[in-house]
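Colleague: For reference, TrEMBL lists these features for the protein:
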{"type": "BINDING", "residues": "9, 100, 103, 104", "note": "Mn(2+) 1 binding site"}
{"type": "BINDING", "residues": "12, 78, 100, 103", "note": "Mn(2+) 2 binding site"}
{"type": "DOMAIN", "residues": "1-64", "note": "domain 'HTH dtxR-type'"}
Ligand SMILES: [Mn+2]
């Protein structure tokens, strides 16, 4: 069974914590995701059962290769979507919340096609300028 949005949030966060600090503890995850530690423990047990990580009660846990592979993709997906919203001109203060809202609800096909589009803009920044021109025109129409 594919991971649920909530499982994805945990795996993404655990991957980032391990990258950043070398380990992830229940308390770190609870703080980062703003949830109660008992919810973290419950989820970590489920992720252990599904073989995304190995949980040892008093020693914290590590991602399995399955968990690490998924974590890496989820972090890539999050960064790609931030990049995408940035390129299309979404204001900075909306980007994080918007990405959190959509990231779990797109197919990997859609993610890859958005990746193509980001590449299309990055390969020739004139294309970004042209988009900004359209946006300026549309803004004047809206006003
Ligand atoms: Mn995310």
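Backbone N, Cα and C define each Cβ position, glycine as well.
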Colleague: Relative to the Cβ of residue 104 (Mn(2+) 1 binding site), which residues of the same chain, six or more apart in sequence, are found under 8 Å away?
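Modeller: Long-range Cβ contacts: 5, 8, 9.
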Colleague: To the nearest Å, how far is the Cα of residue 12 (Mn(2+) 2 binding site) from the Cα of residue 100 (Mn(2+) 1 binding site)?
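Modeller: Computed Cα spacing between residue 12 (Mn(2+) 2 binding site) and residue 100 (Mn(2+) 1 binding site) is 11 Å.
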Colleague: Tell me the Cβ neighbour count for residue 9 (Mn(2+) 1 binding site), meaning other Cβ atoms within 10 Å of its Cβ, over all protein chains shown.
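Modeller: Around the Cβ of residue 9 (Mn(2+) 1 binding site), 20 other Cβ atoms lie within 10 Å.
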Colleague: Can you tell me which of these binding-site residues sit near ligand 1, meaning the Cβ is under 6 Å from at least one of its atoms: 12, 103, 104?
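Modeller: Once distances to ligand 1 are taken from each Cβ, 12, 103 fall under 6 Å.
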Colleague: Can you grab the distance from residue 78 (Mn(2+) 2 binding site) over to residue 100 (Mn(2+) 1 binding site)? Cα atoms, rounded to a whole Å.
Modeller: 8
Colleague: What is the three-state DSSP composition of the domain 'HTH dtxR-type' (1-64), stated as helix, strand and coil residue counts?
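Modeller: Counting residues by DSSP class gives 38 helix, 9 strand, 17 coil.
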Colleague: Name the residue among the binding-site residues 12, 100, 103 whose Cβ has the smallest number of other Cβ atoms within 10 Å.
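Modeller: So among 12, 100, 103, the binding-site residues given, the one with the fewest Cβ atoms within 10 Å is 100.
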Colleague: Enumerate the residues of the same chain, 9, 100, 103, 104 excluded, that satisfy the criterion Cβ within 8 A of the mean position of the Cβ atoms of the recorded Mn(2+) 1 site; list them in sequence order.
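Modeller: Neighbours within 8 Å of the Cβ centroid, excluding 9, 100, 103, 104: 5, 8, 12, 78, 99, 101, 102.
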Colleague: Take every residue in the domain 'HTH dtxR-type' (1-64), average their pLDDT values, and give the whole-number result.
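Modeller: Mean pLDDT, the domain 'HTH dtxR-type' (1-64): 92.
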